Amino acid sequence: MYLISFVLMLVCVLVSVGFFTLMERKSLGYIQFRKGPNKVGYMGILQPFSDGMSLFIKEQLFPMNSNYLIYLICPILGLVQSLFIWVLFPFYVNCVEFDLGLLFFLSCSSMGVYGLMICGWSSNSMYSMLGCIRSVSQAISYEVSLSMILLGFFLLIDSYNFMDYFYYQKFVWFSILSLPMCFCWLSCCMAETNRTPFDFSEGESELVSGFNVEYGGGMFALLFISEYLSIIFICLVSCIIFFGSDFNSLFFYIKLIFLCFFFIWVRSTLPRFRYDKLMFLAWKCYLPISLYYIYFFFSLKSLCFYHFFL
């Protein structure tokens, strides 16, 4: 029963990725004063399934000098890594509440760097390798700030369980108590998922499409799905940590949709950053702010519970 329920949840998650791409294309269309996809099905609602079919039935070509087996396996491993992190999502039949959910999330999200690196290396292409190096350095840089932000809230709550974050936000959200930290978190999430304005793996002028430049058809679709799976799960974690959401309420899913739309909105409005400014932002701005908040939360905890240390 557990296996059936988990597989059913993964199917629902994969379908949600399709409709998330439809929402993105529709939103970008209306923001740019055009219609977006509206031909397949009623108002284009079947467009994701049409795109998926057209990608997976294409002929798969392999670069002559690529490492064939690793090149073939890498997108599948990237998708498995993105799906594996959804074990953290609690649902009724198999309510998995990890006591170490925070550490599990950090471990799984940091594993995505290896997928980027192997994809760029196995293609044996100069452009994909260059995009891979930039993506990996960006992901590792922002992973540090992301971990420090989560460490600060761990010091405040004394728990790695995501459900405890909801219990501590029944009266006021953490996004209101620590607004700068919330902005830092959202920026780090965009950099972690290679989204605009931090999408340096896809610099069209010099890198074509980044680390996945040699992939096409079904292999590209797997990389695309894994990227959007990560975006949806990052939005879900943001809802839990900063917006006090209960999984059993409708408001949780409304907040999740609004956060997903926020990622789309930023993509449609902001230009791409310069790479040196990106690194400056990670190491000189976000990391000090997160360290200051760690010190602040630790001092607050010490003042409130100082009698335990006597």
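Glycine residues also receive a Cβ, built from the backbone N, Cα and C atoms like all the rest.
Within the chain, the transmembrane segment (3-23) has long-range Cβ neighbours (under 8 A, six or more residues past its boundaries) at 37, 44-45, 47-49, 51-52, 83, 86-87, 89, 91, 93-94, 225, 228-229, 231-232, 260-261, 264. Sequence annotations record features per position, and here Swiss-Prot assigns transmembrane segment to 3-23 (among others).
If you look up Swiss-Prot, you'll see 69-89 (among others) marked as transmembrane segment, on the strength of sequence analysis. Distant neighbours of the transmembrane segment (69-89): 6, 9-10, 13, 62-63, 96, 98, 101, 104-105, 108-109, 111-112, 115, 118-119, 121-123, 162, 214-215, 219-220, 222-223, 225-227, 229-230, 233, 236, 247; these residues of the same chain sit at least 6 beyond its ends, with a Cβ under 8 Å from one of its Cβ atoms.
Positions annotated as transmembrane segment by Swiss-Prot, on the basis of sequence analysis: 100-120 (among others).
Tertiary proximity for the transmembrane segment (137-157) is limited to same-chain residues at least six positions away from its ends with a CB under 8 Å from its CB atoms, namely 102, 106, 109-110, 112-113, 116, 164-165, 168, 174, 181, 184-185, 188-189, 191-192, 194, 198, 200-201, 241, 278-279, 282-283, 286-287, 290-291, 293-294, 296-298, 300-301. The annotation transmembrane segment is assigned in Swiss-Prot to 137-157 (among others) on the grounds of sequence analysis.
If one looks beyond the transmembrane segment (171-191) by at least 6 residues along the same chain, the residues whose Cβ comes under 8 Å of a Cβ in the stretch are 138-139, 141-142, 145-146, 149, 152-153, 165, 197-198, 234-235, 238, 241-244, 262-263, 266, 278, 281-282, 286, 289-290, 293. The feature transmembrane segment is assigned by Swiss-Prot to 171-191 (among others).
Under the heading transmembrane segment, Swiss-Prot lists 223-243 (among others).
The annotation transmembrane segment is assigned in Swiss-Prot to 246-266 (among others).
Swiss-Prot lists 278-298 (among others) with the feature transmembrane segment, giving sequence analysis as the kind of evidence.
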